[in-house]
Each structure stands twice: as C-alpha cells, then as structure tokens.
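The domain 'Cadherin 1' annotation in Swiss-Prot covers 18-132 and is backed by sequence analysis. Summarising the annotation, Swiss-Prot assigns domain 'Cadherin 2' to 133-243. Among the features that Swiss-Prot reports, domain 'Cadherin 3' is placed at 244-351. As annotated by Swiss-Prot, domain 'Cadherin 4' applies to 353-472, with the evidence given as sequence analysis. According to Swiss-Prot, the domain 'Cadherin 5' annotation covers 473-583. Marked as domain 'Cadherin 6' by Swiss-Prot: 589-695. According to Swiss-Prot, the feature N-linked glycosylation site maps to ASN22, ASN266, ASN439, ASN453, ASN504, ASN566, ASN590, an assignment based on sequence analysis. The signal peptide annotation in Swiss-Prot covers 1-17. The topological domain 'Extracellular' feature in Swiss-Prot is assigned to 18-707. The topological domain 'Cytoplasmic' feature in Swiss-Prot is assigned to 729-1159.
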Amino acid sequence: MYLSICCCFLLWAPALTLKNLNYSVPEEQGAGTVIGNIGRDARLQPGLPPAERGGGGRSKSGSYRVLENSAPHLLDVDADSGLLYTKQRIDRESLCRHNAKCQLSLEVFANDKEICMIKVEIQDINDNAPSFSSDQIEMDISENAAPGTRFPLTSAHDPDAGENGLRTYLLTRDDHGLFGLDVKSRGDGTKFPELVIQKALDREQQNHHTLVLTALDGGEPPRSATVQINVKVIDSNDNSPVFEAPSYLVELPENAPLGTVVIDLNATDADEGPNGEVLYSFSSYVPDRVRELFSIDPKTGLIRVKGNLDYEENGMLEIDVQARDLGPNPIPAHCKVTVKLIDRNDNAPSIGFVSVRQGALSEAAPPGTVIALVRVTDRDSGKNGQLQCRVLGGGGTGGGGGLGGPGGSVPFKLEENYDNFYTVVTDRPLDRETQDEYNVTIVARDGGSPPLNSTKSFAIKILDENDNPPRFTKGLYVLQVHENNIPGEYLGSVLAQDPDLGQNGTVSYSILPSHIGDVSIYTYVSVNPTNGAIYALRSFNFEQTKAFEFKVLAKDSGAPAHLESNATVRVTVLDVNDNAPVIVLPTLQNDTAELQVPRNAGLGYLVSTVRALDSDFGESGRLTYEIVDGNDDHLFEIDPSSGEIRTLHPFWEDVTPVVELVVKVTDHGKPTLSAVAKLIIRSVSGSLPEGVPRVNGEQHHWDMSLPLIVTLSTISIILLAAMITIAVKCKRENKEIRTYNCRIAEYSHPQLGGGKGKKKKINKNDIMLVQSEVEERNAMNVMNVVSSPSLATSPMYFDYQTRLPLSSPRSEVMYLKPASNNLTVPQGHAGCHTSFTGQGTNASETPATRMSIIQTDNFPAEPNYMGSRQQFVQSSSTFKDPERASLRDSGHGDSDQADSDQDTNKGSCCDMSVREALKMKTTSTKSQPLEQEPEECVNCTDECRVLGHSDRCWMPQFPAANQAENADYRTNLFVPTVEANVETETYETVNPTGKKTFCTFGKDKREHTILIANVKPYLKAKRALSPLLQEVPSASSSPTKACIEPCTSTKGSLDGCEAKPGALAEASSQYLPTDSQYLSPSKQPRDPPFMASDQMARVFADVHSRASRDSSEMGAVLEQLDHPNRDLGRESVDAEEVVREIDKLLQDCRGNDPVAVRK
C-alpha cells in the first residue's frame, strides 16, 4: 500500500523531495508532549494558509499529512503547524520488550511537495526495579557438601535496558561465613548468581540457614529487589567409592596421537543400588589445560589423549579424578594420575637478550663496549638442547659474513661468558656519519637430528653528540587570518627539525620578545611550545593592523648546551567586509538630499555625483552605484563606478516636476553591505548657467575635489596670514604698553609730540636725578629690584632714564649702579604697587626706580627751597584728571579694560611714585594723615590741563632766595606723612673716625648720597672743570660711536650688539669703578674716583646701545662697574657738563637711528 501511495504522489507532484528526520523522546512522557517541529527541523518553506489551499482536487485538511505511522495510538502530527507530539504515555518496556533499541517511524507529506521520513527513538528511563519470580528460594544441601560446591540461584529480571538494567547481586545475613556468592555472566550479557559453600556444614550444629539475595540495577538512583534463601542441611550417605591406588604414573611420548589411552581407572563402592553405582569425573579443581589435553569416560574411568602434548610446555602432567556413587548425599573418592612426557627434538633454540644500552650507543664508544647480554636456550633436553651461537656478519663464536655494514659486516662480536650466556660487544670504533643504525642478528643451532636453527635480530642506533641545531623547514612562515577573529583561534604552525636523537632532538618553541608599536608581541600571539602551533590572543582589525612579524625560537634539549635557531613569522590580516558604505555626497539629512535641475537641461546633464566611502579594502571596498527605485520613467541614469547621475530626458512641461530617486551603494564583499539614499530632484524654471554645456550622451566634467582642495588651501593661507598679522600687532602694542610710564605720557599727545613719529628735543629738564636708597619702613610691602648678585650685595643702586616718546622701548638709556636691595612702598599706595615684586628693570617699575641717581660727596649744594607741605600736597593730586597719563594706556584708547590704570577713581601711580622718591631717612618716624588734596596743583597751567601734566606740575616749588641759609638739606625737603619740623642730623660716614659731616664731591671720605629733588641747584655749582674735561676726544674716535654703529646698522635694531656676548661689560670695564671701591673702607683709594664727561657719555652710550639686552647681560655690566684699574680721582667734573653731554648723546642717537629708538 505504501508503494502505491508513493507512486500516486510521484505522479501527482513530480517535484517531490525526501527528507529524513530523527527524534528522541524519553519514555513515560504524558500525552501532548511536543517532540519536534517538522517544518522548522526540515527547513521547509511555509505552505499556503488553509483558506487558500484547495482547488485542483487537493485536500484542504492541512499542510502536513501522515502517510504511514507505526504507532498511531502513540504519535501524531498537527496538520497545520507540523508539530510532532505524543497522544498518550509511552512505555518502552511494553512497546519494545525484547529489543534494547526502541524506535518508531512515521512518513509525513508536507506542503504537497516534501516527504519526511521520521524516526522517533524511545529512550529508556530507570522506571522499573529488578524483580524475582518468587519471594523465597528453598534449597537442600547435604552436610557433607565439600567447600567450593556451587549451587545456581534464581536470577532477577529488570525490564529496563542498558545502564538501567540489572547490574549485580549481593548476599547478606551470612553471620558465620559459610556461604559465598559468585556473579557470572552469560553470553548475552545477562548476569546470574551462584551460591558457593565456603566452609563445611554441620547439620548437628545448625540444620537451617536463612540468607537474603539482593539484585541491583545501574540506574541513578539504583533500584533493587530482594529474595530470601532458605537452606536446609540434609544428612549424607555413609559409604563412598574407593580406588585401587591413590596415585598412578604413566609415561607418554610428547608426539602421541589423539585418542591414545593413557590409563583405565577402577573404583568400587560397598553400598548397593544407586548408593553403590560409581561415576568418574575430573575433580573440580583440575586445570582447564588438563581438561583440554585429556578426557575421561564417566562410567568406565578410561582416560584418553584429547589434545597435542608438548614436553617443552609441561613435561609432567597431573590429573585428579573423583568417583562418586548415586546415593543421597554422596561423598566422592579421589586419585591422582601423573603423566610423564618423553622429549622429542621438536623445538628450535630460543634466543633472548637484554640490551645494556637500550638500543642506542654513542659513536664515541670505544671498542669492547658491551651492547647487550644474550641468553640462548632450547626447550629440548639432552643432545637436542646443546647449542652453538654466533653473530651474523660479525666476529665471535662461529663468526662469518653477514649484513648490516660496509662489506656485509657489522662492528660487533659475540663473547661467551658462561653456559648459554653471551655478551655482544663492539670490535672497532663506530662512525655515525657512516651509518647511524645497525641490525644485529644472532644465530643459534641445537645438536638434535636433524638440527634446528633460530635467529634473533635487534637494532642498535648510534647516538650523535648534540652538534646540530634545530632547523626550520622555512625561513619565513606566512600565516593569514581574517579580521574580527576569535581570540584563541589557530593561525598555523611552524616546524623545526633536529637531526639529533633523544633530548638533543627534542625541540621546544617560544616567541622572541618584540613589540608592535608600544605593545608587546605576547599580547598578540602565542605558540604551543610542543608542536609549534600559533594561536591568536586578540581579535585583529585589518583597518588598524594589516600585517605584523615576529620571530619564533626553536631550541633543543641537548646537553651540555642547548642549540637554537629562529624563523620569522609574518601574519597577514585579511580584510573582512565589516564596514558598510557611507554616503558623503551629496549631504544627506535623514538619508535624504534635495537637488535642482533646470527644465532646459539637455540629455546627459550632470545632476549630481553620489560619493560614498568604505573603510574596507580590495573587493570589500569597491563600490557600485545603482538606482533602485523612483526611475520608472528612465529619466536618469547613474554611473555604476563614479556615481554620476545624469539626465536621460529633457525636462519638458509634461515631466513630473519632482522625482524621488532611491540610490543604493553596494560593495563587493562577502556578504555584501550597502547604503541607501533618497534624492529628491526638482525641476526649476530658468536656463542653464553660462558655461554649463548641454551634452547629448556622455558629458565630460571636472572633478570637484580639485577646486575644493584649492579653496580650502586659499582659506587656510588667508587665515594664517591674518593670525600672523594680528600676533605681530598685538606683540608690538604689548611691548609699547610694557614700556609705558607716566613720566613720558605727555609725549603721546599730538600737540606735544607733534605726531606719532615726531621726536621731542631733550633738554636738561628732562633728566631727573634722585636718590634711590631709602630705609625700609614696612617689611610687608617690599619690592625687590635686584637682578644679580652684584646688585644684591652693593650698597647703592643707580638708575638713569630719560623721558622718551611712547614708541621708544623701555629703558633705552639707563645706567645701573648697585643700590639698596629693597625699595619700600608706602602702604597708602598699595593699590598701585603692593601686589608686585620684581627683579631688575621690570616693566612695572615705578617712576621712582627709573629716576636717575648720581653719587655726590660733600657737594656744595645751593639752597633748594621747597614749598610748604600744603603746596606739595596740592601738587601731588594733579594726575587724577581723567585724561591723565597712564602707566598702561598709550593715549590712543588701546588699553585693556581690565587694567587698573583706567580707573579714574584710583590714585595716580605717578603721584605714588613721587612720594616714594621723596621718602628719606629721618629721625622722627611719627606720621599724621594727609590733608584733603585740592583738585589742581599750583604749578599747573592751562596748557597742561588740556594736553597733560609734565614734571613741573608735580615737582616742588622753588621758594624765595632768602631761605637759602638753611644748610641742612633735609630742611629743604618735604616728605608726605612726615612731620615738618625735621631734626637736623647728618649721616655717618664709612670712615672709622666717625666724623659726621658731608664730604665734598670727589673727596676721600664718602657718605650717603643726598636726595636731590631738582637738578637745577646743582647745575649751578661753581666747580671748575678739570683740564681733562677740556680735551674731549672727537666723536669719530670715541668708543661710544664704535659701540653705537654696529647696533644701528643691524636692520635698524639694537639687537645687533647681541652678536658679541659680553661686549657691554668689556666696554664698560674701561671706565667704571668696581663695587670694592665703595664697599670696603680699607680698599678705598686715597683720592675719590671721578669720571670725565666724555667718559660718562661713552658709558651711557654703551648702555643705550645695549638697552635691549637681557638682565644677565646687564648683570655683567654691573660687575664691571667696579673695575680696580680705574684711576680717575685726578679728574673733576661739572654736573652741568655731564647733563649736557648726555643730552647731546641722546639727541645724536635718536637722529641717527630712529628705528632703533622706536623699537
């Protein structure tokens, strides 16, 4: 019937396919248990829904129909879903009682085109315990039963199969150890128990024994069954059979034929009837080999030859025979038959050997080295066992030609030690390079007739010294791995071979230390030290690492030294298509871009170019462009390789004004990845721009990347130039701000300065000489102005600076002399300078530190009449005008708004600096608050109120001449916050005599310098000029010109002097005194040092030409100020001439080098 059904289906559906499905389900599952899904497991295509199936005479019952079912009451298939399920509980034991493997089969017709052959295996579970056929077993055993007597027991039954079946038996409740249990197996694997008597039974002591037999299966957990064994001890027969002799001896040749009678035994029993009838048999403990060689007749007691006898195997055989009667409880009788075999020459000699060298011998072994110990035996006796032995192809006993070496000889011989024992030794030196292995054959022959021969061969390997390193089969191993691999993946193997033997040839592999970038190679790969297998330790990325190399070391285990070699392994990472294309042109928003095309665009008009990027390489990165949707009217075409979209139809009136194209970019990897973009193309009115050609067919276009690169490059160059320009301008303005001070602010006004580039003539009123040494008043407000050790250790500090236009750099003309270490800032001026502590000529120096200081000794000063304290207070507030000069504002509105100088509510820094400059040491430290300052100073004019204030505004007034009688200079000074009635006191000199007086300028005794508020009284000093002053050298020969010229000729900058480090110190050392002449009284010259005017000019010119040098160069100048070789004490100088020379020198410098002055 099945054949007819299949034929019908084959005729009806010619495209049928056959599929096999195997399922398994444990037994005892309930009804409705799903075993499997036929459609999913067979990977069948889903059929039509039941509502759509039908027609053509086909059934509408479902997609799955059961054609054949071996157990329809147990299994069924859902017609619609294809689920295979159970209809009821399945019992394997009842279904397949006698079969270990239980299997059901079905044939299902699915989707009208596939036939599924289904097999369901019913798996056994341990649901059945072993069972016995009865609960008790009754046994009768005679008390005379000998120990070892066996009694079969009833076996248990377990319907389960396999491991769940019956496994073993246990015997319990045997308190006296009389019985034992032996479990045996039949040919089919079933197990059965036997009861064994361990000790003799005594009915008189106990006539009944109760035992428990337990059967166990192999399930988890195991199940068991028990049965009770009742043993009854029965009384036995009183008489047993008796043999004629207790033992018999029989001689028999070893080659006796089968059936030969060995002996005829006879035993008698005094009992009558069954108790006297005797039966013969072998005893239970007769070996199986004897049973194989002999047989016995149970009634007659005749023993015959059953097998082949061998003297050499056993020359004497013993046969135990028992005789028992047929009465109840028989007691058997026993006798022993000894069979002695007669030897025949039927055995060849036997050769055995023990290798001393374990089959290996070093090639350095000397002659006579023992290789093996040989023993030759013959199982035959007498002459048949007499032997002769020799080495085939070697020397020794009975030596002769043989095989195994050059000329058919081997370098070995046989030496006899004692009977049948020989030693194989070398008889000449060995050479492994000639032959590395020998096959030694030993021949033995006996003395029988005819003689029999035997041979024995063994191999001797010649060991080499460890003189060969491992050698790789390749110098370079190239391995490949796909990216995104799994860590631990096998990459390949390297193989190194070592011709040495043993440990000398055992090769181990390792990776030599190296790095890939900054990462150790041990984080990339590992090698199996035994077989050279290389594994990846990480997942590789082709885009990051395309290939890398490392070295593998192969090392043998030889002694005394390991030999090694290495090979290079190159791992190439293969690209995997793991990156999808990314569309970069046109710019997409939500995967959509809008484009416009003129209506008069002709055929081949370039609408746009679609560009995509793919990070993969090779075929995985090669892209293809195509239009997948929206081009039903074939209005556009796209170049598959370049992505250019061109028109195929003019945009006439009847064409849709908006076209939506779907462009797909696909790479060529496996599997392929793609990206999709939607392009909305709108036709707009108007004509093509001029220069855009109408092309019919292919349109030549230019690459957009070139103008893009050019545009970006141009923009970058313009931005770079703008940044450089701004940086240069900001640097110049910052430099002007840093060099700005209130003393020269007035030159920034156009009416005074005459424009930015116009220079103002410098006169003597532009130079201010004040004393910079002040006593420290407040330790909390100290500004350190020393920049070198020479300044820190010098008692006096000099600072010379002229008022220059704002375009000039800070301190272009400045002469420094060591001065006091600290400059105390009054607490009232903390808003301007308290937070600043600097060194050297800092950009934030106060005007007081920039004022020129000149040293005088006993200078006969004319009276310097100062105004009252009220007048000075009035003059100190003139710079509070909003248009006042600022230390930071250049006057052109370019100051930073964060600068504090713009705050007009704060006090002027110039006012503060003036107060600092006018502070001096007094005996009275008592201070009182200042009076309220007036708005204007009495010295101010209308011009200065409009254009800015000058020195005349803040300088003290000159009083009338009738006040000149005051000889103490401190009475001519007014110091803010100090009482007006200053007690007259002179400063102590450094002279040990302690005379308190002012020394005349140029005298030996030197005191502290006096503070000069105004230079005019001293310019009127009636001091005659020295004759040295009359002889002023010409400008062409002066060293000043020699210094200025190279500075002004170097591109208009003062930096030209920097080409000669130390030039300033070298030039100044010719004219300036050293610190030692002022510090130590013991080293003072007898005549005080003086400087001629030309020498002062030279020094100031040198300083001026090197004003831009750094603080370290200025420190070198200061160290040269105390040159010990200067002897200018004979020269007298007039202060007015000094100022005149400085004024002339500065005007010359500005006239000759305006660029340098500006910078």
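Backbone N, Cα and C atoms are what each Cβ position is placed from, and that goes for glycine too.
When Cβ neighbours within 10 Å are tallied across all protein chains shown, the highest count among the glycosylation sites ASN266, ASN504 belongs to ASN504. Figure note: comparing Cβ neighbours within 10 Å for the glycosylation sites ASN22, ASN439, ASN566, the maximum is reached by ASN566. Counting other Cβ atoms within 10 Å of each Cβ, the glycosylation sites ASN453, ASN590 show the lowest value at ASN590. Cα of ASN453 (N-linked glycosylation site) to Cα of ASN266 (N-linked glycosylation site): a span of 46 Å. Look at ASN590 (N-linked glycosylation site): DSSP puts it in coil. Note: the Cα of ASN266 (N-linked glycosylation site) and the Cα of ASN439 (N-linked glycosylation site) are spaced 60 Å from each other. Secondary structure at ASN504 (N-linked glycosylation site), taken from DSSP and collapsed to helix, strand or coil, is helix. Nearest Cα neighbour of ASN590 (N-linked glycosylation site) among the listed glycosylation sites (ASN22, ASN504, ASN566): ASN22. Distances between the Cα of ASN566 (N-linked glycosylation site) and those of the glycosylation sites ASN22, ASN439, ASN504 are shortest for ASN504.
Here the domain 'Cadherin 4' (353-472) is broken down by DSSP into helix, strand and coil counts: 7 helix, 58 strand, 55 coil. Confidence annotation: the domain 'Cadherin 5' (473-583) carries a mean pLDDT of 90 in the model.
Rounded to the nearest whole angstrom, the C-alpha distance between ASN504 (N-linked glycosylation site) and ASN439 (N-linked glycosylation site) is 23.
Counting only the Cα atoms, the space from ASN22 (N-linked glycosylation site) to ASN439 (N-linked glycosylation site) is about 58 angstrom. Residue counts of the domain 'Cadherin 3' (244-351) by helix, strand and coil are 9 helix, 47 strand, 52 coil (DSSP-based).
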